[in-house]
Amino acid sequence: MTTTQPATTPARPADPQPSPLLSVERLGVRFRLRDAVVHAVTDLSLTVRAGELLAVVGESGCGKSVLAHALLGLLPGNAAVTGRALLHQPDTEPVDLVSCGQRHLARQVRGRRIGLVPQSPATALNPVRTGRRLLGETLGAHGRDRAQADRLAVDVGLDPGDLDRYPHELSGGMAQRLVTALALATDPPLLIADEPTTGLDRPLVDHTLDLLRRRCDAGAAVVLITHDLAAARRVADTVAVMYASRVVEHRDGGEFFAAPTHPYAAALLDALPDRAFRPVPGHPPMLTALPTGCAFAPRCPRRTDTCEGRPEPSSAGDGTVACHHPILPGAAP
Ligand SMILES: Nc1ncnc2c1ncn2[C@@H]1O[C@H](COP(=O)(O)OP(=O)(O)OP(=O)(O)O)[C@@H](O)[C@H]1O
Ligand code: NI
């Protein structure tokens, strides 16, 4: 079926890779509850470079939004964060987002260096301010011209006239576009977009995805959090698949969609309507009771006794996979 290939050719061999904008190293997030601990992010390492669109995909509850909130210091008080997340900046030392403190995050990072399109627009919008006022305040706070509000509305596919509405007068899709416009208003070098296409119809989904793609083509970086693999396939340079709080596969998007190596990633792709359209069987484990070995093993057709031991991320092509039995091109299944 697959012929043996010589050494993999990098996607853009002539381009020297720019140095990372963000490097996340062994990030962990735990929530302490009265009688349990939720392991929401475990031992997670990732990099994002300028010009890169990284899609973070995975089933509901696997830790995608918690990852975003950890990077921005937006977690509640019962969260304990470990590891490092270095934000590299021109001409100065990198800042560790985990340890730099709320004051620095509020003054220097949120909005300015990292923008967030939050997953729940309804709770993110101030109910007593119109979209125009919200956008104007954000633009003004960052020394930008408030008159850019109309252009931002058009960019996200919102009628500028709708900026004069209050949040409760907006549909879910309109509120979604407004929070996207708010995140774009400060033109951050890194944008984390958490399910930015929720509630949008297909043309607006594609419009939003293409908007994010163009940001990256102009040199910014975007982390697109989505459970929509078709969206990731349309625009991502790189893909990170999360399962039960860990990244289980991370690699070039083209390679990933052509030949996923983690059995969970392969199962997710098989669930796409234009592929087998077969949902991933079974359910993910509780994050309060994660197994010591591979968390996907109970659902995995390739599992063996070895999977009772934890699979550490190892290199596969130009990326990494955390699996004892990865699907390697050219190897027998
Ligand atoms: N404040 C909290 N206290 C306890 N557990 C939490 C808290 N916030 C999130 N969690 C848990 O952390 C886990 C990861 O949640 P997260 O919101 O990151 O999932 P997600 O991958 O973004 O899912 P979705 O696709 O549904 O948005 C979930 O089990 C969730 O219940
Ligand atoms: Ni989420």
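Even glycines carry a Cβ here, placed using N, Cα and C.
For reference, TrEMBL has these:
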- 1-12: compositional bias 'Low complexity' (COMPBIAS)
- 1-21: region 'Disordered' (REGION)
- 24-269: domain 'ABC transporter' (DOMAIN)
- 302-311: compositional bias 'Basic and acidic residues' (COMPBIAS)
- 302-323: region 'Disordered' (REGION)
Q.
Quick test of the contact rule: Cβ under 8 Å, at least six residues beyond the ends. What residues does that give for the region 'Disordered' (302-323)?
A. 8, 10-11, 45, 238, 246-252, 255-256, 261-263, 291-294, 296
Q: Determine how many residues of the region 'Disordered' (302-323) DSSP places in helix, in strand and in coil.
A: 4 helix, 6 strand, 12 coil
Q: Calculate the per-residue pLDDT averaged over the domain 'ABC transporter' (24-269) and state the result as an integer.
A: 97
